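In what follows, a structure is listed as structure tokens, so that the remarks can point back to it.
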Amino acid sequence: MTALDKNKVVVGMSGGVDSSVAAYLLKKQGYEVIGVMMKIWQEPSEEYIESEDGCCGLSAADDARRVANKIGIPFYVVNFKSVFKEKVINYFIDEYLKGRTPNPCIACNRYIKFEELLKKAHSLGAYYVATGHYARIIYDDEKKRYLIKKSSAEMKDQTYTLYNLKQEQLKHILMPLGEYTSKEEIRKIAEEIGLDVANKPDSQEICFVPDNDYGNFIEENIENKIEPGDFVDTKGNVLGKHKGIIHYTIGQRKGLGLSLGKPAYVINIIPEKNQVVIGENKDVFSFKLIAQDVNFISVDKLTKPLKVQAKIRYSAKPAEAVVKPLEKDKVIVEFENPQRAITPGQAVVFYDGDILVGGGIIEKAVK
């Protein structure tokens with residue numbers, strides 16, 4: 001095995017301002033920096049390839065290469081298309097077909113950025129891999145563990161998508177943007193050093209789904225046709241026809257095409273019956289959930305109930321809860337107050353103040 005140099009770091013560069021400034025800051029700190037862009041997806045549409053804020057197209061690679069030249073670091077494009085398709089895209093599609101709502105960024109962090117890219121870094125002799133994430137990694141001498149803390153820029157904090165990192169990965173990861181208190185600071189640094197990407201807009205959509213049209217993307221990438229099915233009420237009475245379960249998520253109200261004389265909400269999806277269950281707003285709230293595939297960072301494993309603040313989606317506010325161990329890699333989470341639209345397939349992530357405790361994938365809400 002190649003000897004690993006603790007002064008050498010591979011930075012995952014997307015062509016955006018965050019990863020560009022991360023590379024610059026690490027070079028300024030004295031690291032030997034290598035810029036790597038992960039080629040993960042190529043949409044055949046030329047319009048998409050050249051989209052201004054996409055992170056998968058040719059223009060993004062050109063932006064990243066220009067940044068690397070400007071700050072004086074080597075730059076490579078590495079083909080991760082097949083593993084990305086297997087670990088992220090196929091997972092994304094399978095989850096929707098099961099009536100769940102996945103977060104592909106979590107799978108990408110777990111399998112691509114901090115597994116495949118880390119392997120690539122090691123093959124180049126680099127001890128570290130770095131990204132432009134807004135998060136902080138620290139070592140706790142008392143616990144003898146690496147911990148993830150929320151970013152100093154709370155509005156930009158990305159720790160929610162990092163809950164499944166392992167200790168063995170964390171010791172090899174650098175996140176230099178975590179101590180900055182705002183995105184504006186990062187843009188200012190980019191402007192000061194003359195980077196063209198200083199005012200590049202943030203990417204909003206999932207990088208491999210043009211126009212954020214998940215339904216169309218899935219239909220184009222599966223062999224079987226998506227079948228319409230029944231909207232039903234909580235007693236199983238048919239209320240109308242839906243376009244296919246991939247088009248719906250828990251808590252959804254808009255775009256249902258139902259005229260019931262009162263507000264209608266998606267409260268459950270039953271893939272084996274191809275049914276979407278409709279109810280009232282009150283039916284969307286739950287006090288408990290069961291999560292699977294859990295991972296803990298601040299503790300080795302959960303052996304007793306733990307008070308946490310839990311987030312049930314990226315944009316949610318942390319809510320007071322108790323997490324209790326179940327069999328294998330499952331937990332039950334009990335909230336102080338009912339939570340709206342607990343959605344299978346999304347992550348539930350646990351915090352103790354600004355420390356990331358861990359998280360898992362929501363299996364189901366429990367009334």
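Yeah, the Cβs are placed from backbone N, Cα and C, and that goes for glycine too.
Curation does not apply to TrEMBL; its annotations are automatic.
Given the structure is predicted, the values throughout are model-derived calculations rather than measurements.
DSSP assigns Cys108 (active site, nucleophile) to a helix in the three-state reduction. The active site, nucleophile feature in TrEMBL is assigned to Cys108.
Taken from TrEMBL, the feature active site, cysteine persulfide intermediate covers Cys207. In this view, Cys207 (active site, cysteine persulfide intermediate) is surrounded by 22 other Cβ atoms within 10 Å of its Cβ, with every protein chain counted.
Sequence annotations record features per position, and here TrEMBL assigns ATP binding site to Gly12, Met13, Ser14, Gly15, Gly16, Val17, Asp18, Ser19, Met38, Gly132. DSSP assigns Gly12 (ATP binding site) to a strand. A 10 Å cutoff on Cβ-Cβ distances gives Gly12 (ATP binding site) a total of 25 other Cβ atoms nearby, all chains included.
According to TrEMBL, the domain 'tRNA-specific 2-thiouridylase MnmA-like central' annotation covers 216-280.
Annotation source TrEMBL lists domain 'tRNA-specific 2-thiouridylase MnmA-like C-terminal' at 288-362. Confidence across the domain 'tRNA-specific 2-thiouridylase MnmA-like C-terminal' (288-362), taken as the mean pLDDT and rounded to a whole number, stands at 97.
Around the Cβ of His133 (site 'Interaction with tRNA'), the number of neighbouring Cβ atoms within 10 Å comes to 28. If you look up TrEMBL, you'll see His133 (among others) marked as site 'Interaction with tRNA'.
Residues or ranges marked as site 'Interaction with tRNA' in TrEMBL: Gln346 (among others). In the three-state DSSP assignment, the secondary structure recorded for Gln346 (site 'Interaction with tRNA') is coil.
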*For the domain 'tRNA-specific 2-thiouridylase MnmA-like central' (216-280), residues assigned helix / strand / coil by DSSP*: 11 helix, 20 strand, 34 coil
*So, in DSSP terms, is Asp18 (ATP binding site) helix, strand, or coil?*
helix
*asked:* When you rank Cys108, His133, Cys207, Gln346 by Cα distance to Asp18 (ATP binding site), which of the recorded positions ends up on top as the closest?
replied: His133
_Helix-strand-coil residue split for the domain 'tRNA-specific 2-thiouridylase MnmA-like C-terminal' (288-362), DSSP-based_ = 0 helix, 46 strand, 29 coil
*asked:* With every protein chain in view, what's the tally of Cβ atoms within 10 Å of the Cβ of Ser14 (ATP binding site), excluding that atom itself?
replied: 23
*asked:* Give me the count of other Cβ atoms within 10 A of the Cβ belonging to Cys108 (active site, nucleophile).
replied: 25
